[in-house]
């Protein structure tokens with residue numbers, strides 16, 4: 001029985017899921033956190049069991065070794081030969097990659113070259129790819145790009161209104177992100193609605209620590225909220241989302257703590273969003289607790305968050321000339337009914353009627369009333385499964 005492992009590498013983490021394919025059965029999953037520190041944590045979940053170790057893991061190569069040792073130690077695999085494919089989530093594929101790609105030296109170099117488009121993600125992905133190639137050089141290795149799904153956008157959508165030389169010479173344009181998630185939930189929505197995806201107009205809202213909204217026309221991305229980098233779009237957990245770009249030189253000139261544009265961008269990526277406005281947390285659960293206690297900063301952060309998401313959904317309702325369904329997914333999208341309620345409350349003009357009971361009780365699927373003109377669905381995303389499927393598809397070529 002062949003097994004495929006889906007990898008999502010962060011700068012100090014390695015999240016993984018092992019599948020039996022083509023059955024798509026999850027055999028085990030886990031995460032290695034705090035890579036590079038002396039109290040790294042390796043967690044493995046399998047057969048309703050959970051094993052956790054505190055280790056000294058210096059880099060991603062050692063993390064991969066620990067992961068593989070854990071799989072054999074717990075009898076999840078007998079030997080490494082059972083693993084016939086590995087798929088790596090890569091956030092930025094730029095214009096190099098319109099679909100998933102088999103890994104070779106050139107692909108790894110291109111992933112690293114594109115780090116400017118996803119500085120929080122691509123370097124870590126490259127480290128994970130190199131680690132697996134070093135330890136398991138003979139298995140099929142595939143890169144699955146968050147940006148690939150959005151390559152169907154047209155020039156009038158992906159180009160910025162700046163001199164064309166910045167696109168032709170430097171490839172400055174909208175690329176989007178979370179494409180694997182948007183593609184998965186759109187496919188699942190079509191199944192739940194009982195209609196071909198090629199007939200549907202959908203708005204998919206990936207609302208986690210990162211937030212992106214996509215307009216999906218007949219199965220293709222025609223617009224999305226993230227841009228040249230994943231910093232663009234609505235307000236997020238620690239990211240600002242869209243701001244007036246003139247703010248950047250203004251802050252460099254006036255705040256001595258922000259010495260250059262890179263420092264401002266770092267602040268916009270890591271210290272802004274819910275965290276920046278609330279002053280306390282990037283976690284919606286903490287923000288909602290602040291609503292209950294009437295913390296004015298939490299209330300403000302929440303209201304800005306709702307406002308920004310609502311505006312993007314309204315924008316894409318116009319772009320699509322209406323929609324058959326709006327889909328919420330990812331951490332907050334799946335688990336924050338108050339957020340869903342307040343976003344949809346501002347869209348009632350479009351004939352959307354939420355069912356309060358279905359929404360509040362964590363109902364996955366349609367959470368609208370039967371006569372709602374636009375359906376609202378809650379669909380758990382499964383990027384790891386999409387990655388595993390692409391590995392199998394490319395193995396078969």
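Placed from the backbone N, Cα and C atoms, the Cβ positions cover glycine too.
Taken straight from Swiss-Prot:
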BINDING   8, 383  Mg(2+) binding site
BINDING   15, 206, 207, 208, 209, 210, 283, 284, 285, 331, 332, 333, 334, 335  ATP binding site
BINDING   89  substrate binding site
ACT_SITE  146  active site, proton donor/acceptor
SITE      178  site 'Transition state stabilizer'
SITE      239  site 'Transition state stabilizer'
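Structure coloured by features recorded in Swiss-Prot.
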residue	record	Cβ contacts under 8 Å, 6 or more apart
8	Mg(2+) binding site	14, 15, 16, 89, 383, 384
146	active site, proton donor/acceptor	89, 90, 91, 92, 93, 176, 177, 178, 179, 180
207	ATP binding site	309, 328, 329, 330, 331, 332, 333, 336, 339
239	site 'Transition state stabilizer'	210, 230, 231, 268, 269, 270, 272, 273
285	ATP binding site	none
334	ATP binding site	328, 364, 378, 379, 380, 381
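For the recorded site, residue 239 (site 'Transition state stabilizer'), the DSSP three-state label reads coil.
Largest Cα-to-Cα span within the ATP-binding set 15, 206, 207, 208, 209, 210, 283, 284, 285, 331, 332, 333, 334, 335: 23 Å. Local packing around the Cβ, expressed as the count of other Cβ atoms within 10 angstroms, is greatest for 383 among the binding-site residues 283, 383.
Spatially close to residue 209 (ATP binding site) yet at least six residues away along the chain are 236, 237, 238, 282, 331, judged by Cβ distances under 8 angstroms.
Of all the recorded positions given, namely 15, 89, 178, the one with the smallest number of surrounding CB atoms inside 10 A is 15.
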